[in-house]
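Shown next, in structure tokens, is the structure this report addresses.
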Ligand code: AMP
């Protein structure tokens with residue numbers, strides 16, 4: 001009898017959305033060779049707790065479902081996840097998933113690669129919630145919902161911090177008393193799944209550059225930059241939490257800690273300050289208009305312009321900082337929602353870098369979001385590469401699934 005290829009699910013639970021992707025894992029061509037999961041369908045619920053909308057489509061873009069739900073029906077992440085599972089279980093009845101991979105934002109000092117989830121792992125991830133209050137609780141909600149419904153199912157956690165685990169101590173230190181470093185209060189870095197994907201992709205599209213000193217700018221709702229040398233992360237702009245570095249959609253980026261002290265001295269509580277730094281700052285707080293770059297670009301409000309100017313200025317500064325870490329720069333790569341789709345933001349950032357790095361944008365290529373957006377004569381090439389964080393989660397999950405199957409067979 002012919003068995004269908006195993007199916008795995010990838011879950012990406014964000015602050016107001018839950019995304020679930022279905023992958024099939026074909027048999028490796030040579031026994032224990034590398035796995036290449038293939039995306040077959042994708043479902044997501046956006047607007048949780050505000051205006052829930054479920055969409056499901058096949059990998060080729062064919063729509064399967066598009067439905068809006070009353071708020072009460074999808075009031076939280078737990079309900080959203082249950083609903084997606086229900087919809088997918090109909091389509092996957094004949095080939096239920098054998099493993100689920102989760103994007104988990106913080107792995108702390110303990111987790112430097114993807115792991116199978118058990119009680120001990122879950123407890124350690126729970127302890128990291130204060131360091132990623134906007135994301136970690138939702139990641140863990142999805143894990144718990146699966147454990148409840150299918151306790152035997154293999155679950156894998158893939159961390160946004162893990163790709164940065166090899167950073168030198170210089171890239172990890174904060175200027176606080178050393179005892180805090182020993183307690184894990186150090187710079188970790190995030191968006192690691194995205195950077196891992198870009199490092200792989202760069203090896204495919206520009207192997208010569210991939211060996212060199214590359215800065216990747218992941219500019220989405222969250223935003224950070226990463227210094228890669230020979231495809232490995234050397235440093236990144238985010239730190240202990242996903243607040244550090246450049247300003248983002250609603251997060252502040254680096255601020256003088258004195259400003260946070262001042263807020264506390266004005267009588268703001270820690271939870272109020274936290275909500276402001278994570279949800280009311282960055283592009284949203286500066287512009288007073290929106291956290292969404294498309295809205296800001298279309299706005300005539302002077303403060304929308306101010307916010308974009310500051311965003312580009314700070315992003316460019318971070319490129320310079322990471323180039324110092326790398327001892328030079330061989331390529332700059334833009335990725336994520338803004339990085340891959342906004343010619344205006346890329347042009348503004350690159351304008352700051354022309355003097356120092358001799359970057360010469362090709363305006364036509366930039367406007368078309370082409371893979372290489374600099375002229376041939378540009379001292380440093382600039383590339384645009386869409387990211388695929390879920391693909392990296394699928395890959396790690398498929399590997400651990402294979403491992404688990406092999407162990408079971410050997411037992
Ligand atoms: P992400 O978190 O990667 O999905 O990125 C979301 C951000 O990308 C939002 O600020 C969007 O406004 C922005 N974005 C997506 N498409 C475009 C576009 N064509 N031009 C400018 N910004 C965009």
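Each Cβ is built from the backbone N, Cα and C atoms, and glycine gets one as well.
Its Cβ taken as reference, residue 160 (active site, proton donor/acceptor) is surrounded by 28 other Cβ atoms within 10 Å in the chains shown. Among the features that TrEMBL reports, active site, proton donor/acceptor is placed at 160.
Here TrEMBL flags 12, 389 as Mg(2+) binding site. The number of other CB atoms found within 10 A of the CB of residue 389 (Mg(2+) binding site), across every protein chain shown, is 23. According to DSSP, residue 389 (Mg(2+) binding site) is assigned to a helical segment.
Per TrEMBL, ATP binding site is recorded for 19, 218, 219, 220, 221, 222, 292, 293, 294. The number of other CB atoms found within 10 A of the CB of residue 221 (ATP binding site), across every protein chain shown, is 19.
Sequence annotations record features per position, and here TrEMBL assigns substrate binding site to 103. Neighbour count (other Cβ atoms within 10 Å of the Cβ, all protein chains): 22 for residue 103 (substrate binding site).
Around residue 191 (site 'Transition state stabilizer'), a 10 Å sphere centred on its CB holds 30 further CB atoms from the protein chains shown. Summarising the annotation, TrEMBL assigns site 'Transition state stabilizer' to 191 (among others).
Taken from TrEMBL, the feature site 'Transition state stabilizer' covers 251 (among others). Non-local contacts of residue 251 (site 'Transition state stabilizer') by the CB criterion (under 8 A, 6+ apart in sequence, same chain) comprise 222, 242, 243, 277, 278, 279, 281, 282.
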- Task: Just the recorded positions from 251, 292, 389 whose C-beta lies under 6 Å from any atom of ligand 1, please, or none if there are none.
- Result: 292
- Note on the structure: Cβ contacts within 10 Å for residue 19 (ATP binding site), all chains included, total 19
- Task: Specify the count of other C-beta atoms within 10 Å of the C-beta of residue 12 (Mg(2+) binding site).
- Result: 22
